[in-house]
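Here the structure is laid out as structure tokens; the discussion comes afterwards.
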Amino acid sequence: MSTENTTRQAETGAAYDATAKQKAQAKTARIPIKVVPAETLKKPDWIRVKAGSPTTRFYEIKNILREHQLHTVCEEASCPNIGECFGKGTATFMIMGDKCTRRCPFCDVGHGRPDPLDVNEPANLAKTIAALKLKYVVITSVDRDDLRDGGAGHYVECIRQTRAASPETRIEVLVPDFRGRMDRALEILKTAPPDVMNHNMETVPRLYKEARPGADYQFSLTLLKRFKEEVPGVPTKSGLMVGLGETDDEILDVMRDMRAHDIDMLTIGQYLAPSGHHLPVRRYVHPDTFRMFETEAYKMGFTHAAVGAMVRSSYHADQQAHQAGVDGAIG
């Protein structure tokens, strides 16, 4: 069954099929805490994005991705910056398929029983990065709780093959939490470490049960701290969303926890609900508040903080890495 058909089956209320990619209501219907619709808040004037156009590299990149059977989180997660990033010739590659084993109700990536790993994916990824002549790439993935190493070995193979094909390219990875597999995953990752290690905290601990079912706040902090202990020369990075119902003080507390766990780089952006079946936006954070978060981040000792309404963890990642001291992050 094709991806298009399985997605359609999951969305139209057909009999439950664990192999189908579930999106929107089909995905969130089975989580422990139900998503309660709320009044839709009007988007403020400062929420603006640029659409891709045929005059940019937007369609060129999409065609190359399809040719090599690759996915991007830009597309799967409906990122609002896709037009700008594709237009500039940058993308965040999503490996290990397009079906996640988690059901996070803020995220637009589909849920379902994942397909077996594609053994050709690392080579296809390396060829694509070389063909696009990218100097900085971000590699992320769905959660793969079905794999004994959580997918760490596949990450390492992608890193190795990309470096073999494009030795000057800098590689950032945005990894899942490797729940229950941290020791094994870290042992594997340190054999071919990335140039930047990113794992998103996403939200404040009070909202974890609602927003990140299956995840643990302290576990995520520990993952980044332990990686830094194992590979001290690689900067660590994490990101937060605002607008899920947290307070400013709670965000500042998470930032302090990040620094206490030796996290170097920070991103904070506005949460935008992908659909009416996802968690609702509880507030739109004013630019002045984002500026306050940025100021406080540097006071706390972050080497770089990308903070703003349209910031996402991979947005302008090359510039973030360059400013944080990663050599060659900008070609």
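Note: Cβ is positioned from N, Cα and C throughout, glycine not excepted.
Predicted, not measured: the structure shown is a model, and the values here were computed from it.
Noted in Swiss-Prot for the protein shown:
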type	residues	note
BINDING	Cys74, Cys79, Cys85, Ser314	[4Fe-4S] cluster 1 binding site
BINDING	Cys100, Cys104, Cys107	[4Fe-4S] cluster 2 binding site
DOMAIN	85-303	domain 'Radical SAM core'
Rounded inter-Cα distance in Å - Cys79 ([4Fe-4S] cluster 1 binding site), Cys107 ([4Fe-4S] cluster 2 binding site): 10
Predicted model, mean pLDDT over the domain 'Radical SAM core' (85-303): 93
Spatially closest candidate among Cys74, Cys85, Ser314, the listed binding-site residues, to Cys107 ([4Fe-4S] cluster 2 binding site) (Cα to Cα): Cys74
Tertiary neighbours of Cys104 ([4Fe-4S] cluster 2 binding site) (same chain, Cβ under 8 Å, six or more apart): Glu202, Ala211, Arg212, Pro213, Ala215
Cys74, Cys107 as binding-site residues, winner by CB count within 10 A: Cys74
Cys100 ([4Fe-4S] cluster 2 binding site) and Cys85 ([4Fe-4S] cluster 1 binding site), distance between Cα atoms, whole Å: 24
Cys100 ([4Fe-4S] cluster 2 binding site) and Ser314 ([4Fe-4S] cluster 1 binding site), distance between Cα atoms, whole Å: 19
Cα-Cα distance linking Cys100 ([4Fe-4S] cluster 2 binding site) and Cys74 ([4Fe-4S] cluster 1 binding site), given in Å to the nearest integer: 15
